[in-house]
Amino acid sequence: MGKYFGTDGVRGVANVELTPELAYRLGRTGGYVLTKHESTRPKVLIGRDTRVSGQMLENALIAGLLSIGAEVMRLGVISTPGVAYLTKTMDATAGVMISASHNPVEDNGIKFFGSDGFKLDDATELEIEGLLDEAEDTLPRPSGKELGFVHDYYEGAQKYLHMLRQTSDEDFSGIHVAIDGAHGATSSLAPRLFGDLEAEVSTIGTTPNGLNINEGVGSTHPEHLADFVLEKGADVGLSFDGDGDRLIAIDENGKIVDGDKIMFICGKYLNEIGRLKDNTIVATVMSNLGFHKTVAEHGMTALQTAVGDRYVVEEMRKNNYTLGGEQSGHIIFMDYSTTGDGMLSGVQLLQIMKATGKKLSELAAEMPVFPQRLVNIRVSDKNGAMNGPAVQAIIAEVEAEMAGNGRILVRASGTEPLVRVMAEAPTQEACDMYVERIANVVRENYALQEN
């Protein structure tokens with residue numbers, strides 16, 4: 001990670017850390033780096049989620065892009081994977097998404113995609129950072145007819161939804177789906193998509209007002225959708241995050257089906273129909289031990305990467321793997337998309353339910369899970385906390401006690417000032433004990449307040 005770019009673009013408190021001035025400079029520097037080799041006028045697509053700060057940052061970013069001569073196509077409110085898909089399929093030079101995903105409304109972020117629809121590599125981000133830190137802006141300043149221009153392309157969302165519909169061989173008639181749009185980017189898109197596929201649709205979290213994104217709703221609060229599924233008697237619940245790149249599902253009994261289970265269900269089905277490249281699923285170190293055991297029992301291989309969907313995608317691209325993802329709900333179907341896509345994951349999950357005739361609870365029950373506990377601690381110095389001798393000592397002590405019968409993972413968040421402490425063990429009581437012992441040491445030495 002660099003000075004400005006984290007694991008998922010540039011993020012911060014809008015108008016405090018991520019200011020319109022910084023957005024303008026990102027438009028100029030990012031636009032220049034991504035378009036400098038173009039022989040014709042570069043075309044850049046911009047989408048955003050529903051945050052109140054989105055329009056402020058969008059306008060500043062557009063001004064920067066226009067100042068280096070780009071044509072800007074404004075997509076309006078759309079999901080992150082929607083921007084990635086349209087960037088790739090419309091021969092755009094670059095795409096930009098303005099969102100802080102599952103973060104609270106005060107935050108926002110700016111994420112760039114290359115012309116291939118993939119997030120930028122580290123070298124490109126560092127080149128942009130170098131220009132941001134230059135004392136003087138010496139980038140080209142075209143004038144007259146060479147200046148850029150902007151126009152709206154709101155029909156891009158319909159083109160993206162059409163692609164999603166085409167990924168299913170089944171219609172979803174007879175399936176009642178409950179949708180939680182997190183008051184975010186999928187609020188209008190997801191009900192339209194699943195309605196077009198003939199599902200019966202009930203919704204919560206689909207009335208954004210600029211301030212309520214992720215507020216008690218969405219994939220980080222799936223318990224609310226679980227209650228709604230039971231209330232409506234739905235067959236399945238689909239909970240998206242603010243920018244629509246992740247999915248947490250709910251079965252008909254109100255039980256949460258996380259990214260690990262979704263990956264297993266989809267991987268098993270794809271393997272059975274001969275569409276899982278090398279029988280391999282790419283996951284991260286956060287995936288449950290139960291996921292790894294069950295994947296192996298079904299004749300598949302699970303590879304591990306660092307946490308972050310960019311690292312999953314990186315590994316997938318090396319060997320053209322077709323399925324990967326994270327426990328948090330980022331699922332990548334490389335046959336269709338270049339990034340995690342919550343709505344695409346939902347379509348694939350419902351297609352499997354329809355094709356197999358099985359309830360989601362039946363599909364999910366094939367993968368048992370080890371009890372797991374995750375605690376987030378807001379800290380003053382996440383790197384210092386990770387490397388502190390007291391923290392390292394308690395981690396070593398707990399791992400020795402586990403003696404291989406479970407695991408501990410302590411890591412710094414890539415997008416927030418948090419240290420995450422996770423444990424898996426044969427019992428929930430053991431999980432809780434191990435996590436609290438480590439978390440208490442982190443709190444005593446580095447905590448600001450617990451999240």
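Even glycines carry a Cβ here, placed using N, Cα and C.
For the Mg(2+) site, Swiss-Prot records Asp241, Asp243, Asp245, and the single candidate of Ser67, Ser101, Ser380, Ser413 listed with them is Ser101. Packing around Asp243 (Mg(2+) binding site) is summarised by its Cβ count: 35 other Cβ atoms lie within 10 angstroms of its Cβ, all protein chains included.
Counting only the Cα atoms, the space from Asp241 (Mg(2+) binding site) to Ser101 (active site, phosphoserine intermediate) is about 6 angstrom.
In sequence order, Asp49, Ser79, Thr80, Ser99, His102, Gly184, Ala185, Phe240, Gly242, Gly244, Arg246, Gly340, Gly342 are the same-chain residues whose CB sits within 8 A of the CB centroid of Ser101, Asp241, Asp243, Asp245, the residues recorded for Mg(2+) being left out. The two recorded residues, Ser101 (active site, phosphoserine intermediate) and Asp243 (Mg(2+) binding site), show a Cα separation of 5 Å. Packing around Asp245 (Mg(2+) binding site) is summarised by its Cβ count: 34 other Cβ atoms lie within 10 angstroms of its Cβ, all protein chains included. Under the three-state DSSP scheme, Asp241 (Mg(2+) binding site) falls in the coil class. A coil conformation is recorded for Ser101 (active site, phosphoserine intermediate) in the three-state DSSP classification, outside any helix or strand.
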